[in-house]
Every structure is written in structure tokens, then in C-alpha cells.
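Features as listed in Swiss-Prot:
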BINDING   His106, Cys153, His156, Met161  Cu cation binding site
DOMAIN    70-168  domain 'Plastocyanin-like'
TRANSIT   1-69  transit peptide
Amino acid sequence: MATVTSAAVSIPSFTGLKAGSASNAKVSASAKVSASPLPRLSIKASMKDVGAAVVATAASAMIASNAMAIDVLLGADDGSLAFVPSEFSISPGEKIVFKNNAGFPHNIVFDEDSIPSGVDASKISMSEEDLLNAKGETFEVALSNKGEYSFYCSPHQGAGMVGKVTVN
């Protein structure tokens, strides 16, 4: 890469004739132009910036992976009344997203007799009167205590719409 640090410009002298004058007139001028140096960009500096961007991206991906969620469909694609998957395992604090897949009214109630001791089922469940009526509606919960949790859809529990999650 070429850089310009300074340049000198000389204007040649001019000898001109004036009417009625026999003496030589001399005009001489010189000017010095200096340009400020351009900032030097180096591969080393730009690689440093790229490296910082890569580290930031990797860190945000690791943070996001710790906050992963599992999706559980309420109603199978074939129309059956089921949680899909009906049994699964998660890590403590991992979010479960229950999503109405069919448009039938569903809810998620954790069975107070089939959850770890010390866990309040009412704090992790929907009320039995609340329903996810439309396709795409969701209910989210994060379970912190290790153990097995049984849950059901109250309108369809008799039809076998039950599930179990294990927090490892």
C-alpha cells in the first residue's frame, strides 16, 4: 500500500516584460504541501477485530444453549389426543413450551400427587378452567427441582392425554 507523507510543489519563476520598463522583473514562488499520513490498517488489527466478533458470537451461543427449551405438542399430527412427546427428560431450569397443535381446547396440569415433594403444583400448572383454545397458543414452564413430574390435559385426561417429564 502506498502512503503519501508529504509533497513539495515548486512554481517555476516567471520573467515577464512590462511595457515601458527595461529592467527584468522576476517573480518566484514556492509552496510546500504536506498531507497528513493515512491511518495504517493492518491485517493484524482486522484479524483482532474478527477474533473478538467470533468470541462474542460463541459466548452468546453458549448462553443461549443453556436456556434451551423443549417443545411439547398438544395433540398429534394425526388428530389423536396426546402429548408429543409424552415422556421426556430435561435439565433443571430448562424451559418446556407446550404448544396447541390441533386447535382443540387443552391445558396442562401437573398432578400434585406425582411431583417431587416441596413443589407447588399450582405454581407450575395452568388452572383447570384455563384453556389453550387456538392452534399455536402456548404455555411455558421451567422446572427446577429434580425428579419425576406427571402432567395431564384436564379435558382429555380420560382419553389418555397424560405425560411425564424427568428433571435430571
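Heads up, the Cβ atoms here are built off N, Cα and C, so glycines get one too.
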Could you give me the DSSP helix, strand and coil counts for the domain 'Plastocyanin-like' (70-168)?
10 helix, 38 strand, 51 coil
Taking the Cβ of His106 (Cu cation binding site) as the centre, count every other Cβ atom within 10 Å, in any protein chain shown.
26
So how many other Cβ atoms are close to Met161 (Cu cation binding site), meaning within 10 Å of its Cβ?
21
Other residues near the Cu cation site, CB within 8 A of the CB centroid of His106, Cys153, His156, Met161?
Leu74, Gly75, Leu81, Phe83, Phe104, Asn107, Tyr152, Ser154, Pro155, Gln157, Ala159
Residues that sit under 8 angstroms from Cys153 (Cu cation binding site) by C-beta distance, when 6+ apart in the chain:
Leu74, Leu81, Phe83, His106, Asn107, Ile108, Val109, Met161, Val162
